[in-house]
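K.L.:
Below: one structure in structure tokens.
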Amino acid sequence: MISTILLLGTVCSTVTGRLGRVAGTLRRQVLWPVGRTLERLLAPIDRVLDPVADGYNRSLGPYFGEMSGLQFGVIAVSVAGLLTAGYWAPMVGPLLGGGLLRTLALASIWAIFAMSWDIQSGYTGYISFGHSALSGAAGYTTALLIVHVDPTLSIWVTGSVSVLAALVVGLLIALPTLRLEGPYFSLITFVAVLLFYRLTTAFSSLGGIPGFGQPDVFTWDPMLRYYYMAIPMLLIALALTFMARSNLGMILIAIRENEPAVSAAGLNPTKFKLWSFMLSSVPMGIGGVLLVGFTGNVDPSTFVVVDNSIEMIAIAVIGGMSSILGPLGGAFLFEVLNHQVLHGYSTPVRYLFLWLIVLFVLVFARDGLFRAIWHRLGAVRGESE
Amino acid sequence: MSVLEVDNLTKTFGGLVAVDDFSLEVDEGEIVGLIGPNGSGKSTVFNCIMGLYDVTDGEIRFNGVDITSDSTHQIVAKGLSRVSQESNPIDLYSVSENIRLFTLPNSIRSLHGGASDEEIREYAARIDIEDKLHEMPSELPHADVRRLEIAKSLATEPELMLLDEPFAGMNQAEIGELAAQIERFREDGMTMVVVDHNMGGLMELVDRVVVLNNGDFLAAGTPAEIAADDAVQEAYLAGEGLQ
């Protein structure tokens, strides 16, 4: 027995040692030269854009974070790309298997979820495994209002009440748990979503397994539908970035890094953790309402199932936790891979591949792909951020 | 007038009595040394004062106000601050940002408040690390990390500062320098309690020494009186001796 373990240990260490060498060679022979070439190509663009970025840094930089010329350029192009996707996506889509606008609309919703998760879990380090309970609360509230109260209620009424419901469920989870330390917070959020899932499947008045088909989609027009999802997403990104770059973000990160130091600074950590959970619940509710308008169906597997909570975490991890914009990018990468690049494969195969990517990022790029790219963009002319 | 009053403080952990019926009064402008062999309960007293431990029995008052059951952040807001034994700066933040964190208002609405760069420089200058503001804590030598802890504490604008083993790990030159800086705080009107397990760094600095042994009050007096006290000598015999 012991000799088997020893043998396995030797094999494992040899394999990981060799893998490490291969990775080292890959980095030296391929990634670094490619990186240097890119830097040489991008440096002039960075220089050209610098005056514009400086103007931004002087006026809005203190509120949304400072950027280098190239970083500013990438953000500007990305925002312009998202705002005009309704026009270019139908032309590019067929190259990627079609339905690109649908994927981008879905990615917008998941970006909202991942960013909302990030401002709470990514920033404070109190990892929630139960965030889909919040979007679920919003989705189910919309469905129940339409089914049991009045099918003609306006979206503004059902939407507002649903976001409020997400906030209430958020407070129900956060109030008793955020004082807890260690793994208890995570475990309770995990149990909360399992509980919610069983609740929705156990009672037919809550729709049971098929859920509710009565809520209508916002629109059948793919272009309009995309903008219904993308515009709120961009506004939420703006609001959360503003919050994350303020004192609040600084305190939340300090809570993650060293909670006793936050108390010693005269700041009440519980109050800020609670606030971050509320700040997370509201956009989760908005995302839930948008998901109803996207699918037209409210059921446990679309809304509540714990896999959804894990997917939000995966997206945030891929993009780069505690950066807001990282999870936004992560959502688009994840959904485009899932529904466009890998669209020919069956769902299990696609997810197998996606989870492998998550694992890869966790092992080799722990800070997230988009954060890594962002920092490289900020340092193309040698100076690091 | 007493700034800090600790009355009959008792703290037990299960069956272990860490602090037993201990009392302490600190007057405005004083520097009091709280000494005792390792494990005598000095840090437990500090932890009780700062609200990190629930007090088993007794009362703690600051400027006449009962703070026994307050949370740490409320106690800090009232003007008490502690420089802990462990240095725990936030490694992701620069020296300047670490200090800034300690100036932020305890309000979710204050998104852009806190000290200005100039004010942060002043806090740092009081402990002579103003030229390290843009460095990261991991780049600093040990003595500067300890100074950063003091700068953070200063940034909460305390009336009374509790210093837990401020000289730990420092060489003689650094100890002398830090003692002079602490002396300057007193001249600026700060009241301080300094914990140490030996009197090496404290002799010149403190007005009064209180000795704890096994959680009990053992002796109090001027540094000279304490150095000559037989009971104190005896308590230290098992340990490293009074230096």
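Every residue gets a Cβ built from N, Cα and C, even glycine.
Predicted, not measured: the structure shown is a model, and the values here were computed from it.
Sharing the feature lines straight out of TrEMBL:
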TRANSMEM  A:68-89  transmembrane segment
TRANSMEM  A:95-114  transmembrane segment
TRANSMEM  A:126-147  transmembrane segment
TRANSMEM  A:153-175  transmembrane segment
TRANSMEM  A:187-206  transmembrane segment
TRANSMEM  A:226-253  transmembrane segment
TRANSMEM  A:274-293  transmembrane segment
TRANSMEM  A:313-337  transmembrane segment
TRANSMEM  A:349-365  transmembrane segment
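Where in this structure would I find these features, and how exposed are they?
P.N.:
Same-chain residues lying 6 or more positions outside the transmembrane segment (A:68-89) and placing a CB less than 8 Å from one of its CB atoms are 42, 45-53, 56, 100-101, 104, 223, 226-227, 230, 234, 325, 374, 377-380, 385.
Panel annotation: around the transmembrane segment (A:95-114), residues 82, 85-86, 89, 131-132, 135, 222-223, 225-226, 228-230, 232-233, 236-237, 283-284, 286-287, 290-291, 294, 308, 311-312, 315-316, 319, 327-328, 330-332, 334-336, 338-341, 343-344 of the same chain, lying at least six beyond its termini, place a Cβ under 8 Å from a Cβ of the stretch.
Tertiary proximity for the transmembrane segment (A:126-147) is limited to same-chain residues at least six positions away from its ends with a CB under 8 Å from its CB atoms, namely 113, 116-117, 120, 153, 157-159, 161-163, 165-166, 168-170, 173, 178, 185-193, 196, 200, 206-207, 211-212, 214-215, 255-256, 273, 280-281, 284-289, 291-292, 298, 302-306, 308-310, 312-313.
Sequence-distant contacts of the transmembrane segment (A:153-175), counting only residues of its own chain at least 6 positions beyond either end whose CB sits under 8 Å from a CB of the stretch, comprise 128, 130, 133-135, 137-142, 145-146, 188-189, 192, 218, 273-274, 277-278, 280-282, 284-286, 288-289, 292-293.
For the transmembrane segment (A:187-206), the residues of the chain that approach it from at least six positions outside its boundaries are 128-133, 136-137, 140, 144, 173, 176-177, 180, 299-300, 303-306, 309, judged by C-beta separation under 8 angstroms.
Nonlocal intrachain contacts for the transmembrane segment (A:274-293), taken as residues 6+ away from its ends with a CB within less than 8 angstroms of a stretch CB, comprise 108-109, 112-113, 115-117, 119-121, 123-124, 128, 131, 134-139, 142-143, 155, 158-159, 162-167, 169-171, 173-175, 178, 215, 217-218, 225, 228-229, 232, 236, 239-240, 243, 248, 252, 302-303.
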K.L.:
Determine which residues of the chain contact the transmembrane segment (A:226-253) at the Cβ level, with the cut-off under 8 Å and only residues 6 or more beyond its ends counted.
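P.N.:
Counting only partners 6 or more residues beyond its ends, the transmembrane segment (A:226-253) has Cβ contacts under 8 Å with 63-65, 79, 82-83, 85-86, 89, 101-102, 104-106, 108-109, 111-112, 115-116, 118-119, 123-124, 218-219, 262, 267, 272-273, 275-276, 279, 283, 286, 290, 293-294, 322-325, 328.
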